[in-house]
């Protein structure tokens with residue numbers, strides 16, 4: 001194991017672009033290195049740190065941090081630190097301690113290996129070049145971070161992820177309707193932010209019952225290995241702050257309930273991005289906000305990025321919705337009254353956008369409204385562009401964007417609905433009226449809970465030894481249904497844990513159907529096992545009986561039958577129940593089986609849902625608002641003996657109010673949010689780009705070359721699928737992400753979605769990224785030799801194929817690589833004629849012969865002066881290409897940043913949701929990026945000596 005001493009200079013093998021590193025702290029277990037040029041800090045395990053010690057030799061000319069240079073004539077080492085002794089360019093004696101070395105020094109390692117006889121094959125050299133080309137293309141890709149997920153290409157999900165993940169410190173509310181994939185959107189955003197370097201420390205807070213589900217989704221779909229923190233894991237770190245030991249943490253707010261010390265450590269750990277699932281359950285009121293809400297509020301103040309996953313704004317009321325917006329931007333959303341007043345202005349704006357998009361030739365009234373609404377320099381030009389067929393579509397899209405930017409919450413609230421997202425199956429309600437048993441007629445408990453769930457009061461009030469499930473006709477009906485539908489998967493949901501447990505026991509006693517149970521009294525692991533057994537297609541349970549907790553968070557879209565054993569009083573809970581099956585990915589119509597007892601409150605509630613709200617056939621956008629306004633009348637109707645005329649009147653009022661609310665939602669904020677939450681053309685463009693990358697023919701040939709070089713055995717499995725196994729003679733101890741038992745991999749997205757036992761290989765998969773790091777982070781392939789033939793070459797002619805890399809060492813968060821990406825400059829030099837511009841190296845015919853290494857070493861020593869002359873000439877040629885590339889990068893960066901600053905500054909005048917800190921951050925990042933691009937350096941990445949035969 002190397003000895004690390006503070007002050008020593010090292011370079012990262014896996015991230016050489018970070019520049020020269022300095023050891024800050026070293027213990028027996030860990031070493032911390034600061035890379036000053038890129039302002040990055042890394043901590044490694046000391047026994048296998050991917051670091052190389054920087055040692056210059058006599059004759060080298062090196063640069064100090066102050067900019068002066070020294071030609072080394074002598075080296076002195078004391079206490080593990082090196083001092084270089086020599087003369088500067090004016091021949092003045094100087095000494096340079098390694099702590100004072102320039103942080104941007106580059107290393108000419110390829111020629112050092114060449115002259116020391118460490119020679120690679122030409123295939124390794126070409127693989128290195130192909131890998132560098134692939135990495136450059138990936139870093140510039142507009143779909144980076146979106147293409148690697150094991151997920152279907154759902155346009156609205158891709159649009160939201162792309163729109164949000166590209167922001168500095170995104171703070172948004174994801175409020176899609178149930179089943180549209182908020183979790184996928186949040187994970188895509190996290191994946192993108194992590195890959196791009198915008199977020200390094202990520203915290204995800206979810207309800208305790210969903211911890212393992214999130215953990216599995218993160219790992220299986222996104223290859224993100226989050227650490228789950230529960231009570232057990234928390235106590236594994238008895239000293240210090242346990243939340244500092246991992247970068248990505250998944251936990252539950254339950255862990256911090258009445259635990260001020262834990263809260264303090266969580267808040268003190270420092271996060272770049274925080275994701276909160278089921279945020280609508282954070283208890284809030286203006287006078288007494290709940291404990292969980294206050295903790296998230298404190299996190300929100302300390303954390304730059306915040307994603308809140310929540311129910312739709314209509315479901316929990318406007319005050320609750322306002323409280324979530326306040327978490328995102330407390331300055332912007334300080335007054336509930338102002339928030340309500342602002343919403344009133346959304347309807348005219350939505351109607352204007354609808355008229356603009358409804359026709360290719362908007363009328364003069366629409367144009368006048370556009371002029372009056374848009375105080376923007378380009379507005380008149382865009383309006384004029386509507387008359388030109390070539391610019392019509394682009395002008396309309398830009399005008400819509402400008403209008404949407406004025407929408408007060410459009411940049412921080414995303415909400416898609418089933419009305420705009422296609423592909424959902426039909427809901428088919430099947431009511432089953434059953435006779436009210438005599439045992440329930442004598443019940444003296446007249447509370448709403450007892451009337452809607454008569455088995456609960458029967459269980460407590462009856463003296464009979466006969467259990468409720470023997471007198472309740474719903475049980476026999478259910479057992480018969482299970483037999484008729486066998487072997488179809490059936491989800492059964494009821495209100496309480498006791499009913500779920502006794503119903504499951506009855507099914508197991510009265511039938512031979514495989515049944516399992518899911519309720520709040522079970523541990524998380526027990527619930528996960530029950531859900532997994534139900535999901536098993538071959539040997540799994542046919543029926544899963546859930547208490548109410550089964551209707552939130554868990555997804556069972558592989559099933560097509562839902563039994564609503566009872567009905568919840570709250571319409572939002574009903575929608576949550578149906579949403580367990582009615583989701584993106586559901587392949588069949590959903591059969592809703594609804595038993596109810598005649599002449600009871602159950603029948604009244606069924607009719608209110610079915611005939612009043614139409615809740616069983618369509619998603620109930622208006623249901624919660626209607627319920628809030630009619631709940632007192634509904635409760636009275638449920639509690640009173642059934643009177644048809646009174647019920648009919650309630651149903652008529654319900655239908656009328658539902659239609660009014662739906663119309664208002666459609667005309668106002670709802671329509672604006674649909675426009676802003678998924679701009680169809682942009683969304684489809686993203687999906688098409690990912691499909692094109694999926695069909696890219698370069699990934700697998702590249703991987704085959706990698707596997708061949710590193711000794712990985714590949715066996716055919718099926719079309720687009722292969723079995724990967726560690727070989728017996730691998731040059732490394734372990735290939736990235738390849739277990740000892742091997743793995744089956746597919747490159748096909750549809751196969752990956754159907755076969756979770758296979759890994760999904762894309763350019764973003766950890767195995768592929770690890771292979772890229774393996775190649776580019778090592779010296780392999782950077783000093784090679786080949787025998788070549790070409791009609792323009794004479795036998796015995798010596799050439800140099802040099803590959804230079806333009807590198808901009810900047811923090812990842814700046815994304816300077818979008819403007820100044822790593823760029824390859826390849827130069828072919830002849831030892832006699834100089835630079836050859838008209839002979840691409842790819843045109844040379846290689847002779848597959850393995851030369852004698854000893855003979856090669858002798859030849860290189862004999863030709864050392866000629867080779868060094870060719871290297872100097874190639875470097876001069878590559879340097880001549882630098883200024884124009886840097887100038888172009890600076891111009892494109894400044895043009896883009898200036899345009900965005902102007903847009904945000906103008907927008908801030910009309911849309912308060914644009915924060916001043918966004919503008920300040922953009923200005924600071926622009927200046928910082930400018931400096932890093934100007935400091936772009938040239939580095940010799942690889943060379944290949946060619947001998948013509």
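Placed from the backbone N, Cα and C atoms, the Cβ positions cover glycine too.
Here TrEMBL gives motif 'DEAH box' for one range in the set 265-268, 269-272, 273-276, 277-280: that range is 277-280. Sorting the binding-site residues 176, 177 by the number of other Cβ atoms within 10 Å puts 176 first. Sitting within 8 Å of the Cβ centre of 176, 177, 178, 179, 180, 181, 182, 183, and not among those site residues for ATP, are the Cβ atoms of 416, 579, 583, 584. Ranking the binding-site residues 178, 180 by how many Cβ atoms sit within 10 Å of each one's Cβ puts 180 at the top.
Under a cutoff of 8 A between CB atoms, and with a sequence separation of 6+ in the same chain, the neighbours of residue 181 (ATP binding site) are 154, 157, 583, 584. DSSP assignment over the motif 'DEAH box' (277-280) gives 2 helix, 0 strand, 2 coil. Just so you know, the Cβ of residue 182 (ATP binding site) picks up 25 other Cβ atoms within 10 Å once every protein chain is counted.
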